[in-house]
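Q: OK, TrEMBL features for this one:
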- 12-31: transmembrane segment (TRANSMEM)
- 135-152: transmembrane segment (TRANSMEM)
- 159-178: transmembrane segment (TRANSMEM)
- 184-202: transmembrane segment (TRANSMEM)
- 209-230: transmembrane segment (TRANSMEM)
C-alpha cells in the first residue's frame, strides 16, 4: 500500500514538474517574441552571419608563415555559395585573405561561416570562420551518451537538467541582461529556477532536495547581496 502511494506521489510530482516546465517554455517564447524587442550589436545593424560552402577555388597565392610552424599567409580567390538566410542559394566570388590572425585556409567543399555586410552598393561577403556545427553536435551527443552510460537514469536526468540550464541562460538570462535589467537580480532568479528544476528532476520532491534547494538559493542571494554592498 505504501509503495503504491509512493509511486503515485512520484507520478504526480513528475506531471507537475512537466507542466511547470511547459509553462516556463511558453513564457520564454512570449518573452522573446512579444515582450522584448530584438537586439543587435552597435554599428553592426547591416552585418549578418550565414552558413556557406566553398564551391570552387580559382587561384591561391600562399606561402608558409615563417613565424609559425604550420600557418600560411596569402590570398585565395574562391567562389562561395550561401546556404542560409536571405541570400540562400546565391554565389559570390570573393578573396579570402589568409593572415596570422585570420588563418582560415579553405578548399573546395569546405563549410564556412561568412559575414554578409548589406550596404546600398550591394552585399559584401567575407569568410569569417570555419563552420563547426557538425562537430559541436557530435561532441554534445557523445557527452550525453557518456553521461547515460556512466550514470544510467541519473545521467539522463542530469543531461535534461543541463539542457534546461542552457535554454534558461540563452532565452531568459541573456536577453533580459542585454535589455538593461539588473544582472545580479536576473542571475539570482535564473539560479533559483535552474536549481529548482535540476534538483527536482534528479532526486524528486524529497527532504534532501528541499534542503539542497534552500541552501543553493540562500547562497546565491547572499552572494548577490555581498556584491551589491561592496561594489
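Glycine is treated like the rest: Cβ placed from N, Cα and C.
Help me understand the surroundings of these features in the structure.
A: Away from its own ends, the transmembrane segment (12-31) comes close to residues 164, 167-168, 171-172, 175, 193, 197, 200-201, 204-205 of its chain (Cβ-Cβ under 8 Å, at least six residues beyond either end).
Residues 21, 25, 28, 31-32, 36, 39, 144, 147-148, 186-187, 190, 193-194, 197-198, 201-202 of the same chain, all 6+ positions outside the transmembrane segment (159-178), place their C-beta atoms under 8 angstroms from a C-beta of that stretch.
Here the transmembrane segment (184-202) has long-range neighbours at 13, 17, 20-21, 24, 154, 157-158, 160-161, 164-165, 168-169, 172-173, 176-177, 209, 212-213, 216-217, 220-221, 224, 227-228, meaning same-chain residues at least 6 beyond its ends whose C-beta is under 8 angstroms from one of its own.
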